[in-house]
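What follows is a short report on a single structure.
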Amino acid sequence: MLKIWSMKKEQQKQENADAAGGKKKESYCRPTKSTKRSAVLHILTLSRLKQFADHGALFLSVDLSELSLGTTMKTIFPNPDDILNFILEIKPDEGVYTGGKFTFTFNMTQGYPHEPPKVLCQQKIYHPNIDLEGKVCLNILREDWKPVLNLNAVIVGLQFLFLEPNASDPLNKEAADDLRASRDSFRRNVKNSMSGGSVRGNTYDNVLISQSRR
């Protein structure tokens, strides 16, 4: 204990001497792009966030600056002055939904990232995890959301739903039943629905992209 106290005393003497000589204490912490969001989360604690009316936009702007979308996805901002509301387009190039274009609206509240985004599919599609009103069954949009998650995690989750539809946690029970019963039958139903056809009495939107526009 005495040794630690002596070391601290010596350190304090050195700092005082440096200060008297005009020498600035060096800092070796340099924020990088990957630490931007965590730095914002660290500085703006929940109690302090209440002082910032636009903290949701602040976090989202960091997420957007670090977002890297492939050629199968893009974001659209109908109002460039409102980054909290935007559209995501997904054009799967793998899986049974290949050849379609699916659009999702994102509504990010000022409570972001403490509140998850509100996401809706704009087309009526045949999918086990998306109901006829466009609600999406994605666990990180509900009970598994955490403030450390970001926009990229949500987008990756949506993309994965088109690659691997999940029959065990459905919003469209009939589509889930079809997937469990026969993957071949489910695949045929998907293709039929994507061209604007009917499945089990429900008519779906035509989401196919013409060859000239791919």
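Placement of Cβ uses the backbone N, Cα and C atoms for every residue, glycine included.
Among the residue ranges 1-29, 30-58, the one that TrEMBL annotates as region 'Disordered' is 1-29. When Cβ atoms from all protein chains are considered, those within 10 Å of Cys137 (active site, glycyl thioester intermediate) total 18, not counting its own. In the three-state DSSP scheme, Cys137 (active site, glycyl thioester intermediate) falls into the coil class.
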